[in-house]
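Colleague: Sending over a structure as C-alpha cells; questions will come in a sec.
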C-alpha cells in the first residue's frame, strides 16, 4: 500500500521534508531550524510514492514547493492550521527519523536570522558547506542528534527510514557515527594516543621519584601528592593525545593507580631493607656490647685469673693469659701487645683462648661470677676499677707535700693538667715515652695502695675534692646533665649561658640538634661550655652519691627515654626494639607493604584515578 507524499527542502537548514499530500496548503514548522513554512497547494503538488519515487518526480516536487512557498514568505500574515506539536509536524519529524514529540530547537541566532529577512525567497537554496571538508562538517553539524551529515551526496527517498548517506558503509547508522565522534576514538590518530600515554608514563615516573624523595626527607608520606600524580597524568595524556574516548581516559586512570601502587611497593622494599639491615646490625651491636661491655670484660678477666690460679693453663696459652690478666689489673695495657712477631699457631691459640673463656663464662650462674670477681679483686690489690678513683688519688698525692718524689710528682701534675683541659707540653717534650710509661705504672701502684685503704664514702669524698680543685673535670656525667637541667629550670643560667644550656639539654635528653651550634663560633661555644660546667661542678661537690642519684632519678622521670652515659644490655635491646617498631613491618614484603599502607590510601588512589580520568577526558573534548 502506498501513500502520496509532498517532498520539499527547507530553505534555511536544507533538510528535505516529506508529508502526506492531504496537508497541502497548511503551515508547518521545520523541526531542524524551527522556520515556519507553508506547504504547496493541491494544484502544485507532485506526488511521490513512499518507496519507489523517481528522481524526476522528486525534483518536480521540490520545484513546486519553491513556487508555492514564496507566497508564504511574501510578508503577508499566514494562519497556522496546525499547532506546534500537532499531527502534521509529528509526521514531518518522523520523515527525518526524529521523535514525533519534543522540540529540537536551533540556536536563537539562527531563528533571528531567518526572521530578519522576510522578503527573501524561501526556496532559494543558500550555498551549502563542502561536506567533504571535516572542518565544514563540524561547523554545519545538524541539530538532530539522530542524524549525522555525511561526507558525500545524500539520496533521500519518500520513506524516512531509508534516508542514509550514500558514502556511509553498509549497515552504518547515523547514530553510530555520531556516537563514535563523541567518544573521540575515530578522530584521533593511534600514534598520537600512544605518544601521549608514553609521555604520561614518564611524568608518572618523575612524580613517583619526587613523592619518594619527599617521604625520605620529611619522614612523612604526603598522600596529596598521589592526588597530584593523577592530575599530572591526566593533564599530559589529555593535552597531547586530545583523545576523549573512555578507553584512553580509563587507561590514564589505570596508570595513576599503578603508579601509586608502585610507589607503595618501593616504600615497602625500602622498609623491608631497613628492617633487615637494622636487625642484622642490631644483632652485631648486641653481641659486641655483650662481649665488650665493662662488666663483661671484668668477668672475663676474673675467670682467666681463676684458671691461672688453679693451674689449668700451660704453654703459650698460659703465657698469653698472664699478660692478659696483668694488662687489665695493673693498667699496663702495653704488656699485652709487647710481642711484635706472632706466629699463625700462636694467633690461633689467642683466638681459641678468648672463645673458650666466653663459653665457660656463659655457663656460670650470676652467683658464681660474683664469687670469681671477689676472689680476683682480693688477689690484685693494684686493681683500680674506676679511673676516676685513680685521678682522685693522684690529686691527693700531688697536693700533699712529700707524698711523691719529684719524678712522680711531675708525672702526676701532667695527668692532672688534662682535667683542666690543658697540656703540659714541656713535660711531653722532655721525657721519653718509655720513661713516661714507667712513671705512670709506679704512680698507679702508689695510688692503688692508698685507694685500697679507703671505703666507698671516703673514696667519693676524694673524688668530689678533686672536682673542686678541677671544676672542668666531669667524673659524674649523668649527674652533671641532670643538674644542668635543674639549674636551667631554676633560672640559674643567665644570658648566653642560658641559651647554651638550653641547646645542650635538648641534645642530651631529646637528641635534638639546635641551630645554636651553627650560629655561634666554635671557640665561643667551648668557652661557654666551660663556664656552664664550672657552675654545675660547684653544685655537685656538695652532693654525695645519694644526692646525685636523686637528681638523676628526677631527670629520668622527666625524660623516660634517657638512658644516660652507661646503657645496660637490656636498655640497648629495648632501644633497638623501639627503633625497629618505628620502621614498621616484620622483615617480610607483605608485612612491610602493610606497614606503608593505610585506609586513607584508598581515598588518595580514588582521587588520583578519578582526577586522571576527568582531566584527560576534559582536555580531549577541548580539542
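The backbone N, Cα and C atoms fix where each Cβ goes, and this holds for glycine too.
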Colleague: Pick from 130-158, 159-187, 188-216: which range does TrEMBL record as transmembrane segment?
Modeller: 188-216
Colleague: Select from 222-241, 282-301, 302-321, 322-341 the stretch of residues annotated by TrEMBL as transmembrane segment.
Modeller: 222-241
Colleague: Can you name the far-off residues of the same chain, 6+ from the ends of the transmembrane segment (222-241), with a Cβ under 8 Å from a Cβ of it?
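Modeller: Sequence-remote neighbours of the transmembrane segment (222-241) are 188, 192-193, 195-197, 199-200, 203-204, 207-208, 210-211, 214-215, 248-249, 251-253, 255-256, 259-260, 263, 600-601, 603-605, 607-620.
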